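Trainee: Can you keep this structure in mind? I'll have questions shortly.
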Protein chains: 2
Amino acid sequence: MKEFFCGTSEITGARFSIHPMSDRFVDIILSSLKETDTTKVWMKSDDVSTCVRGRSEHVFDVVKAIYLNASKGGDHVVLNATFSNGCPGDSAGDAFMAEDSILMNDELSQKINQEVATQFALYPLGFLGYMDVIIDQIKTVDQHGVFSGGVHYASRLDGDAKKVFAALESAFESARNSDSSHIVMTVTMSANSPSRKEGQ
Amino acid sequence: MKEFFCGTSEITGARFSIHPMSDRFVDIILSSLKETDTTKVWMKSDDVSTCVRGRSEHVFDVVKAIYLNASKGGDHVVLNATFSNGCPGDSAGDAFMAEDSILMNDELSQKINQEVATQFALYPLGFLGYMDVIIDQIKTVDQHGVFSGGVHYASRLDGDAKKVFAALESAFESARNSDSSHIVMTVTMSANSPSRKEGQ
Ligand SMILES: [Ca+2]
């Protein structure tokens, strides 16, 4: 039950899944995992999703690299991720908080250009002023030049995946510095969608 | 900007996407939409996700039916959904609050047996006691006989999709009756996963 008592730890986690809309989905997922350096995060996969935990910058670095590696072949690939900060870690996770800040996958990720369409939502918990945090972070993503407007229950970002990830990470980190002690951010990111090619 | 001011409306919404891990993903999605009666919900799809809004029971009925129709052919299909209550509607959405309670897809859904593995999380916003609501709703899903325990950042449900949906809807409705005025629930549901068959 210890996951239920949240509020102080600095460990960031992401629970995510990668969905290649292809008969080759198993190969695509396995090779994207293989091409990604995950040595600086705690990581565990089950039959529904994968969880990575550690320093916030490494969590974003790893999720971004896995997604870029999965989508670079041109398949329609969707990422669904929930980023979370404010639930305490455990000894297995906290061990990774001692890692340095050098990103293990940035050089590889910088070489991959991939247009994506993204919808995200931010949920600052345990805090009456949560709407102010959300509005502030819309301004943050807008400064990154990828904000495309609001839709019901989400905000939309379009552009190169690296820029979109930078905006998402920036919004998440700024929200962490708000008065909310527990921040959750959901992300749905789509690459190479045939609907998109048809002009949506 | 009006979506940013939340708190009073009874309209429920779900923003979701269906991911068939198959080369036939377009056909699978289009036929599952065609087989589902969506007359009692406001519905709009874009290239990233689909949003349905209306009375809570119809939102769950429609998402469940679309997912069952997409997965009944045996393909590995994942649902990612965020259910939300507490953001105000608009005239287009509120029109659907006048519908009666008779479910349009229940007869069809009852005929489809589909084992699923599910991870979900509940986020009661604007409320300091959010952890109590989460713990109460773990008890609610446990009463439905599908709760398999906690994982980092989520709770796991296993069983027939109809039972799992009943547990999710029950938890969501109970959370709506809590002191939180804005309830968000994320769901990742997987059917026909090859990882699962291998015994995970
Ligand atoms: Ca309520």
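Just so you know, glycine gets a Cβ as well, placed from its N, Cα and C.
Not my notes, these are from TrEMBL:
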{"type": "DOMAIN", "residues": "B:11-90", "note": "domain 'Thiamin/hydroxymethyl pyrimidine-binding YkoF putative'"}
{"type": "BINDING", "residues": "B:I18, B:T50", "note": "thiamine binding site"}
{"type": "DOMAIN", "residues": "B:116-196", "note": "domain 'Thiamin/hydroxymethyl pyrimidine-binding YkoF putative'"}
Trainee: Pick the one among the binding-site residues B:I18, B:T50 whose Cβ has the fewest other Cβ atoms within 10 Å in this structure.
Mentor: B:T50
Trainee: What mean pLDDT score does the domain 'Thiamin/hydroxymethyl pyrimidine-binding YkoF putative' (B:11-90) have in the model?
Mentor: 96
Trainee: Could you tell me which three-state DSSP class B:T50 (thiamine binding site) falls into?
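Mentor: DSSP assigns B:T50 (thiamine binding site) to strand.
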